[in-house]
Structure formats: C-alpha cells, structure tokens
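Chemist: One structure follows; several queries about it will come next.
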C-alpha cells in the first residue's frame with residue numbers, strides 16, 4: 001500500500017468486540033460462525049443479470065452471419081429499388097428498406113432473449129422434476145427398508161427373508177400367521193435378540209456418521225435454514241452427506257430410538273436439491289437459484305415424510321424460508337407434488353392411498369369437550385418448553401463430556417431404550433404403527449366390512465380396572481418417551497423430533513380421551529341418535545399429537561394442515577385450531593422466546609442467522625456501537641500489485657471498501673477479497689514477468705467522475721501501464737449514516753441481503769457492518785442483559801456429578817468384566833491340572 005494510506009474507521013468508544021473475543025462465555029455463542037460464509041445477495045443479483053446478458057450476447061453472436069446476410073439482402077434490394085425508380089423517372093430514398101432491416105434485427109434480438117429465457121425456465125422445471133422424483137424415491141425406499149429392519153428384530157418370514165411382517169402375513173391375522181417365525185420360542189430369547197439387533201442398527205448408523213460423513217448427524221433443519229437465508233457451508237449438502245444420511249436413517253429408525261425421520265428428510269431433500277442444481281451449468285454457481293431449489297426441496301422433504309404435500313409447502317414458508325417469494329411458493333408446490341406423486345406411485349403401504357393414518361371420525365365433536373381440548377393445548381405448550389430446555393442441557397453435557405465417544409453413546413442409548421421400552425407396547429412398536437392404533441376410532445358397530453378395529457386398547461372401557469391399568473400404561477409411555485426424546489435427540493446420528501413428539505402427545509391424548517369416555521359414555525347425554533359414544537378417545541390422541549408437534553416446532557398453520565393430511569379428519573378443524581392456538585399461547589408466554597427447538601438450536605450451536613420472524617431487541621444502542629472497530633479500505637488507483645497481494649493475504653476482512661483517497665475517503669465501491677485473490681493468482685499465472693511493481697486500477701477515471709459528480713478527486717498523474725481490476729468491483733454500494741437505527745440496518749440485511757453495509761459520516765467512510773457482525777452484536781446484548789438463556793452455573797455442577805457417576809459405573813463395569821475374564825482363563829488350567837492328577 002502507499003506510504004500515505006492507512007486503514008480508516010478507528011472507533012473511539014470502548015470496543016465490545018474485544019470483550020466478546022477475549023471471553024470464553026461470549027465466544028461460545030458464535031462457535032460455528034467461521035464455518036459459514038456469507039452470500040452477498042446484492043452481488044448475486046448483479047452477477048445474475050450480467051451473466052444473463054452475456055449469454056444473450058453469445059447467442060446473438062452466433063447469428064451474426066444471418067444478420068450480415070440480411071444487410072447484404074437489404075443492400076441488394078435497395079439497389080434494385082433505386083434502379084427501378086430511376087427507370088420510372090421517380091426520386092425515392094432507401095429509408096423504408098433500412099427501417100425494415102432494423103425492425104428485423106430488433107425482432108431477432110427479442111427472439112433471442114425469449115429463447116434464452118425459455119431455455120433457463122425449462123432447465124428450472126427439469127431440475128425441480130428431477131429433485132422431486134429423487135426425493136420421493138428415497139422416501140419410499142426408506143419406508144420399505146426401515147419397516148423390514150424394524151420387523152427383523154422380532155423375527156423373519158419363512159416365505160422370503162426380504163418380506164416384512166405385513167407382507168408376510170398379507171390377508172391373515174398377525175396372531176394366526178404361520179409364515180412369520182419369531183427368533184425364539186422363549187420370551188427371554190426374544191428379548192435379548194431384540195436388544196442386540198437394536199444396538200447393532202444404531203451403532204452401525206453412528207459409525208457411518210462418525211467415520212464417513214459427520215455432517216449427516218443430527219436433524220439438519222437449523223443449518224438448512226441458515227443456508228437458505230444466505231450462507232454457505234462446505235460439504236453439508238454434498239453427495240457424501242446425502243448417501244450416508246439415506247443409509248443411516250432407516251438404521252436409526254429400526255433401532256427403536258425415540259427419534260424421527262422428518263428433520264433428516266428435510267436435510268437429505270436439501271442435499272438432493274443442491275447436488276441436482278449443480279449439475280446444470282446455469283445454476284451451478286448461482287446462489288439465487290440454489291436457494292430456491294433448497295426451499296422447494298425442503299418442502300418436498302416434509303411432504304414425503306408426512307405424506308402431506310400442502311403441509312410441506314407451508315412448513316417451508318413458516319420454518320425454512322426467511323424471505324419467501326411467490327415464485328418460490330409455486331416451485332415448492334410443484335416439487336412437493338412430484339415427490340408425493342412418486343411416493344404414491346411406489347405405494348409403499350400397499351393401501352393405494354397416501355394417507356398414513358386413515359381414520360373416519362363420523363361422530364361430530366361436542367362443545368363440552370372444549371375444556372379437554374384446552375388441557376391438550378396446555379400439555380403441548382408445556383411439552384415444547386420442557387423438552388427443548390432439557391434437550392439443550394443434554395446436548396451441552398454431550399458436547400462437554402461425550403464428544404469423543406459418539407459411537408459408545410449411541411450404543412448405550414440403544415441398549416437403554418430397547419431394555420426399558422420392550423415392556424411397553426407403545427414404546428416397543430414403531431411410532432407410526434403405535435399412533436395408528438391410538439388414532440383409531442374403535443367403532444363397535446359398523447355396516448362397513450372390515451371396519452371394526454381389534455386391539456386391546458379398544459376394550460379399555462369395558463371395566464374400571466382395565467381402564468385404570470390402560471391409562472397408567474399410557475401415562476407411563478408418555479413420561480418414558482419424553483425422557484427418551486430428551487436424551488436421544490441431537491445425538492451423533494440422523495435424528496428428528498417431530499414424530500417422537502407426536503407419539504408423546506398421542507399417548508397422553510389417548511389417556512385423556514379414555515377418561516373423557518368414562519365420563520361421557522352414556523349415549524343418552526348426546527344429541528346424536530346413532531348409538532355411538534359421545535366421545536371418541538382416538539380424536540384426543542390425534543389432537544394430542546398435533547399439540548405436541550406445535551409445542552416443539554412453534555408452528556401453527558403447517559401443523560394444522562399436516563394433521564389433516566395425515567389422517568383425513570376434516571371434521572375436527574375447529575378442535576385442532578383450538579388446541580394449536582392454546583399451545584402457541586403457552587409457548588410464547590412461558591417459553592424463552594426463541595421459537596421452536598430448531599430456532600433454539602440455531603442460537604445454542606452458534607450459527608449465524610438473522611430471523612425475520614423473530615423479535616429483535618437492540619435497546620438504545622447505535623449503529624456506531626455495532627460496526628467494526630477498524631476498516632481496511634483500498635484506493636481505486638495508486639496501489640501496487642505486490643502491495644495488494646500482501647494486504648489480501650494478511651487481512652481477515654472479506655469485504656473491502658474502495659475509496660477515492662485516504663484523505664477524502666469517499667466510497668466508490670466494494671471489492672470482494674476472494675475475487676481479488678483469484679484475480680491476482682490468474683494474473684501471476686498468465687504472465688512470466690514480475691508484477692509486484694505494476695500499478696493496479698480498481699475503477700476508471702470516468703467512472704470516478706460519474707460517481708463523485710466532479711473531477712476534483714481524479715489523479716491526473718499518468719501511471720503508465722496498469723492492471724485493470726474494475727470487473728471485480730461491485731459499484732452498487734449500500735451505505736448508511738452512523739445515526740441509522742439498527743432496526744433499519746436489520747431490515748436492509750433481511751430484505752436486500754448484502755454481505756456488508758458501508759457506514760459513512762458526512763460522505764466519509766467511518767465503518768463497516770456485516771450480517772455476522774449484527775448477529776454477533778445482538779448475541780452480545782442479550783447475553784450481557786439476560787445471561788445464558790439455556791444454561792446456568794448450577795448446570796455445570798450437575799453435569800460434573802453426572803459424569804463422575806458415569807465414570808464410576810464404567811470403572812466398576814470394567815473391573816467386573818476383567819474379573820470374569822480372569823476366572824474363565826483360570827478354569828481351563830484347573831481342569832487340565834485335575835485331569836493330569838487323575
């Protein structure tokens with residue numbers, strides 16, 4: 001850099017950034033910020049338009065010969081016309097023929113533009129079709145494999161080892177199925193084999209994630225939200241992650257852990273959208289198109305996971321997208337349609353329908369049931385608050401003590417879940433199968449063939465003792481499942497929390513429904529005269545599942561639509577809306593105010609994200625408090641090539657303002673560090689001479705005059721031959737005054753999406769603020785004012801005690817194994833000695 005040029009923008013106030021960077025408590029809040037690279041949506045839009053017109057220009061050049069032919073034809077036509085007119089003795093010009101040529105050329109340009117747009121549009125819909133088809137195929141395959149592996153824990157089919165229990169016993173009752181062979185005729189044997197296979201499945205999935213694709217572990221929704229909002233994470237949406245996620249997910253579901261496939265479905269769907277988009281030249285480097293594809297793919301992922309296409313679209317609007325566009329809605333709808341259509345064509349349930357839990361609630365709901373609906377809503381809100389709180393504490397303990405032992409942890413979780421849950425039907429069964437039983441209406445009389453549902457739970461109301469035992473069993477399953485969800489979710493395997501939460505709500509709702517049936521089971525109290533019970537306990541299980549799903553996700557519209565698409569229970573629109581509304585109120589009133597568990601994990605894991613739907617509190621702080629302490633800027637001319645290279649290598653700034661001079665510091669544009677580094681590498685690679693002393697020009701004098709409106713700041717001294725890097729400069733600078741509200745700055749970041757905003761004072765550069773800076777500053781304010789929203793100092797003490805207990809148990813277990821092993825090794829020696837003496 002020139003000797004008279006220094007970085008500008010030194011802050012004269014106490015720097016919060018130094019306090020933040022030097023404190024472990026603060027840096028923990030941004031522990032994953034460096035993994036994410038910010039996308040500049042303003043630059044992306046600029047490059048997108050420029051690339052489009054470049055492509056149009058190339059297509060026009062291909063027709064240059066046709067244009068020249070048209071010019072030659074016009075000249076020949078003009079000569080003929082002039083010759084004819086001279087023979088007739090008339091005077092006429094050739095302006096009419098020239099105008100026809102210009103009109104023809106204009107039409108040709110318009111045709112080329114239309115053809116170019118149609119080609120890009122065709123590629124978009126082709127990509128969406130491929131994405132939806134692949135997502136639907138993966139979902140169908142996962143359903144088939146996970147059902148087969150889940151049934152494999154209980155036995156196998158003698159007609160075909162590859163058949164699950166439903167297909168093996170097709171057309172006959174499972175209790176009378178002769179083709180299904182249990183692993184053992186003894187209960188203890190079946191119990192031990194169940195545990196061994198559960199541990200085997202879960203451990204295999206954990207090993208795949210640990211050694212081949214660590215990014216495949218977890219839910220993935222938090223990261224996908226951040227990526228769609230304008231960030232890039234290397235490898236998170238790649239081919240390898242897609243493969244391991246797709247292989248590991250059915251293993252995890254079959255292991256019996258209290259985790260679901262819905263969050264991972266969003267992740268592998270986003271991976272599919274990313275890898276397919278990069279197969280197309282026009283979309284490979286376009287973050288704008290990729291963001292739309294990711295949003296559409298996420299909608300398709302939820303659609304196939306719940307068999308709910310409209311619910312998937314609403315989920316992408318409520319949960320995934322930060323700034324949703326109508327064009328993206330249509331693409332999400334189309335992608336979800338193709339994905340669910342593919343899943344329906346595969347017909348994995350062999351029912352000919354897409355609905356997972358087909359129910360027919362013929363009896364209408366009654367107004368006296370509203371208090372019970374409110375109780376379900378309160379439970380859903382409390383469930384969301386409690387599970388989110390304790391799961392985050394569990395994740396904190398896992399990160400501190402178990403991060404080096406993920407496979408062992410998963411093995412122990414599988415062992416505990418299988419050992420304890422085997423004795424509860426609604427823990428041992430697959431969660432979707434269990435909910436299908438709980439949702440059923442248990443009709444005793446029906447004119448429809450095969451509509452009577454036979455299960456022990458339908459006989460719970462026949463006696464008071466059986467009712468009490470059933471209710472206690474359901475409440476036990478509810479509490480046990482809650483504990484299992486807390487300790488299992490966010491372990492180092494593909495895992496979701498939607499279906500486990502629905503299973504918790506379903507068991508609690510069924511218990512409440514049975515109590516309601518016991519109170520209102522006299523048909524004379526009901527206005528309907530069909531003889532059916534006034535209350536259907538299955539509806540309470542259905543509503544409880546919706547309440548728990550709303551409580552854990554903090555979603556409303558998406559939950560209502562998903563529940564309807566899951567079951568087809570359209571008669572219970574109002575009860576569902578009541579339950580969801582109460583759950584939402586409880587969560588917003590008594591929760592920590594950070595949304596659902598996905599939003600809380602964004603904050604807890606230190607992911608840079610500015611949520612447009614979240615309430616932000618900057619207090620009375622000013623922009624000058626939040627912007628960077630110092631700014632490195634570049635002069636538009638007068639900089640040597642070697643100086644530029646050295647500065648780019650040393651600075652940590654990714655955005656570099658370009659100014660007219662150090663004295664005036666008027667901002668002329670913004671340069672991207674990575675683009676300039678790439679330009680320097682290419683310049684050195686294409687020239688054999690030393691470029692260190694060669695002058696660099698980032699902006700032409702004419703452009704400087706155009707921006708500044710005067711030639712006062714133009715350097716009149718000729719610098720000779722210069723390297724022109726003007727193409728790497730973004731002239732569209734978004735700048736604000738130091739007195740601008742931070743709320744206005746937040747709106748600019750969310751709605752326009754620049755990577756950085758230049759801060760000026762009376763036309764002079766005085767600072768810079770990026771999206772990460774603003775997110776970091778907000779975290780600093782919240783932590784300073786409220787402390788850690790997730791953990792307390794007491795938690796560290798509890799964690800240490802738990803870890804000490806676990807270490808003691810592990811030590812005693814190792815001693816026991818060692819003692820048994822020594823006894824086994826001594827016994828053969830004693831036997832040999834006895835035989836020798838005899």
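Heads up, the Cβ atoms here are built off N, Cα and C, so glycines get one too.
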Chemist: To which of the residue ranges 22-60, 61-99 does TrEMBL assign the term region 'Disordered'?
Modeler: 61-99
Chemist: Name the residue range among 429-449, 450-470, 471-491 that TrEMBL annotates as transmembrane segment.
Modeler: 471-491
Chemist: If you check TrEMBL, which stretch out of 497-520, 569-592, 593-616 is marked transmembrane segment?
Modeler: 497-520
Chemist: Six or more residues out from either end of the transmembrane segment (471-491), which same-chain residues have a Cβ under 8 Å from its Cβ atoms?
Modeler: 206, 217-219, 257-259, 383, 386-387, 390-391, 394-395, 398, 406, 409-410, 413, 417, 420-421, 424-427, 460, 497, 500-501, 503-504, 507-508, 510-511, 514-515, 601
Chemist: When each of 293-317, 329-349, 370-390 is checked against the transmembrane segment (125-145) for Cβ pairs under 8 Å, which one has the most?
Modeler: 329-349
Chemist: Quick test of the contact rule: Cβ under 8 Å, at least six residues beyond the ends. What residues does that give for the transmembrane segment (370-390)?
Modeler: 482, 485-486, 497, 501, 504-505, 508-509, 512-513, 516, 540, 543-544, 546-554, 575, 578-587, 590-592, 596-597, 600, 790
Chemist: Short question: which residues 6 or more past the ends of the transmembrane segment (191-212) have a Cβ under 8 Å from it?
Modeler: 149, 152-154, 183-184, 240, 244, 247-249, 251-252, 254-257, 406-407, 409-411, 413-415, 417-419, 422, 428, 491-494
Chemist: Do any residues, 6 or more residues outside the transmembrane segment (293-317), come within under 8 Å Cβ-to-Cβ of it, and if so which ones?
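Modeler: For the transmembrane segment (293-317), the nonlocal Cβ contacts are 127-128, 131-132, 135-136, 139-140, 224, 227-228, 237, 261-262, 265-270, 272-274, 276-277, 283, 324, 328-329, 331-340, 343, 354-356, 498, 555, 557-558, 561-562, 565-566.
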Chemist: Can you break down the domain 'CBS' (729-784) into helix, strand and coil residue counts using DSSP?
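Modeler: With helix first, then strand, then coil, the domain 'CBS' (729-784) has 24 helix, 18 strand, 14 coil.
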